[in-house]
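Q: I have a structure here, written as structure tokens, and I will follow up with some questions on it.
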Amino acid sequence: MRSCIYRLCLLIYFFFCLYPLVFCQLASNQKQLMINISQQLGISNSPWNSTKEPNPCRWEGVTCNIPLNNSIVSLSLSGFGLSTSNFLPMFCQIDSLQSLNLSNNILVSIPVEFFNSCGRIDGLKSLDFSNNKLVGSLPTFHKFVGLESLDFSFNSLSGSINSQLNDLSALKILHLVLSKNNFTGPIPTEIVIYQNLVRIDLSFNSLSGQIPASIGNLTKLQVLILSSNQLTGLIPATLSSITTLRRFSANQNKFVGSIPSNITKFLSILDLSYNNLIGGIPWDFLSPSNLQTVDLSYNRLEGPIPGRMSSSLIRLRLGSNSLSGPISSIDFASLKNLMYLELETNSFTGMIPPEIGSCSKLALLNLAQNQLNGTLPVELFNLTNLQVLKLQLNKVGGEIPSQIGQLRMLSVLNISWNSLNGIIPSSISNFRNLVNLNLQGNNLTGPIPDQISNLNSLLEIQLGENKLSSKIPSMPLNLQISLNLSWNLFEGPIPKTLSGLFSLEVLDLSNNKFSGEIPDFLLGLSSLKQLILSNNLLSGVIPKFSQHVSVNTSGNPGLQNATTNYPVSSNKRTRIAVTILSTIAAAVLAIGLVAITDLLIRKYIHKTERILR
């Protein structure tokens with residue numbers, strides 16, 4: 001029995017080993033055609049090389065249907081670096097072709113013969129010419145009766161898409177992607193002819209006018225993307241009747257009016273940001289069970305935020321509106337899937353609700369530039385997945401709890417311009433992923449924790465306008481963007497702990513009580529572009545910094561040749577030049593006046609003598 005099983009397994013093994021070699025052979029006419037095409041591609045190191053691999057079915061991007069009819073069904077030349085298109089009509093001889101992908105190349109045109117010939121392939125369902133350099137108007141595809149997917153995105157096509165869509169009336173088109181071109185004019189009402197449309201993407205063009213109300217008749221539509229155009233008018237309420245619609249993105253347009261109340265009824269993703277929408281957010285707008293992402297930021301919406309929200313919600317962006325009221329009305333306990341909450345630049349009031357700590361998946365929380373008050377709730381620091389926390393420009397007071405160190409995943413912490421007091425907790429040493437630390441504009445006191453030197457991911461530290469004092473510890477050596485310690489109570493010599501910041505571009509130590517000479521080690525900070533030392537108690541001679549460094553040492557009476565910009569800035573050179581020219585002009589004018597006066601006197605004396613004679 002074992003022997004039979006062993007032989008059977010061996011037979012199966014050899015069958016699968018030998019099958020590709022014996023049976024996977026392309027029909028001879030298509031094989032020769034593919035070899036001919038490979039010689040016409042016009043690229044070096046072509047992935048299609050009959051010398052290295054004689055069987056085209058094994059070439060990159062070639063899919064064959066060997067068991068049925070030994071023919072090619074799909075070709076992908078994506079990213080081959082093709083610049084010539086003369087060979088394209090040769091593909092039309094592959095009558096079994098179902099999909100042709102020529103994306104991510106540098107084609108500038110498509111031969112007319114391609115459209116005349118390939119239109120005869122009844123089985124051709126997908127054409128992808130995206131991300132090339134095609135120019136001119138959208139080609140005509142009326143002969144491609146089997147076409148279901150058409151992608152010409154990321155090219156430089158122009159003109160109206162109206163007439164070309166008329167030519168597609170006989171097609172079974174499902175996916176129409178024409179984004180990132182230069183198309184103009186309105187969205188054609190004829191688009192509703194294609195009852196099978198599942199996806200429409202016309203984003204990043206210059207389309208104008210209104211969305212046709214008849215678009216609501218596309219009963220199979222799942223994705224509608226109209227972002228970054230110049231569309232105007234109202235958002236049609238008829239979109240609410242498309243029960244299959246899952247994504248509607250029309251951000252960065254010029255839509256006006258209010259938001260249709262039922263538009264989120266069937267949606268998963270809605271983006272209407274960067275428009276001119278007004279009015280309030282309907283009370284049940286955020287509650288549909290399928291809703292995952294909503295972006296209404298950068299409009300002119302007002303009123304309270306709806307408290308009832310979908311438990312499926314992942315991202316909610318309502319920033320830069322005129323929304324008001326407390327955010328405590330939100331049922332945070334039900335938002336177990338929420339990862340991004342952005343409510344910045346509104347007029348929300350009240351305290352930061354402790355219940356927000358129950359959103360355990362939250363990765364980004366932005367409540368900046370509102371009118372929030374109270375203290376930082378300890379529950380906030382249960383959000384251990386938080387990567388970005390922005391609370392700046394509010395009225396939050398009290399101390400920074402030591403529990404903030406529980407946010408070990410933080411990369412951005414900005415709680416600047418509030419009324420926080422007390423010390424900076426040493427638990428910040430847990431922020432090993434922190435890139436940006438901004439605590440400026442508070443009433444923080446005491447020293448900067450020594451542990452800050454261990455935060456090797458930090459690129460920027462903003463601690464200005466506090467009441468920090470004592471010694472300045474060593475700073476992370478990777479600091480690059482800025483170190484701002486201005487408007488504090490630091491005193492004594494500028495510490496050598498700053499000497500290793502070779503990547504730092506901006507160092508601001510102004511408005512403290514630093515004394516002594518400007519240390520020479522600052523000359524060695526090779527990446528420095530701006531050094532601000534103004535309004536301290538520094539003395540001695542200003543070192544000669546590189547001409548690429550803007551140095552401000554004003555307000556230090558003990559410095560010799562203290563200057564706002566050293567070396568002398570172009571503005572100061574201009575003032576000196578103007579002064580010199582003004583002096584010269586005044587001198588010339590004075591000499592001219594003396595000469596004229598002398599001449600007049602001489603003429604008067606001469607005339608008087610003639611009269612007396």
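Even glycines carry a Cβ here, placed using N, Cα and C.
Below, the features straight out of TrEMBL:
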DOMAIN    46-65  domain 'Leucine-rich repeat-containing N-terminal plant-type'
SIGNAL    1-24  signal peptide
TRANSMEM  576-601  transmembrane segment
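In terms of burial and nearby residues, how do these features look in this structure?
A: Packing against the domain 'Leucine-rich repeat-containing N-terminal plant-type' (46-65) from elsewhere in the chain are residues 24-26, 30-31, 34-35, 37-38, 71-78, 80, 96, 99, 101: each is 6 or more residues past its ends and has a CB under 8 Å from a CB in it.
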Q: Going by DSSP, how much of the domain 'Leucine-rich repeat-containing N-terminal plant-type' (46-65) is helix, how much is strand and how much is coil, in residues?
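A: Its residues fall into 3 helix, 4 strand, 13 coil.
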Q: Just to confirm my parser: what is the rounded mean pLDDT across the domain 'Leucine-rich repeat-containing N-terminal plant-type' (46-65)?
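A: Across the residues of the domain 'Leucine-rich repeat-containing N-terminal plant-type' (46-65) the model's pLDDT averages 90 on the 0 to 100 scale.
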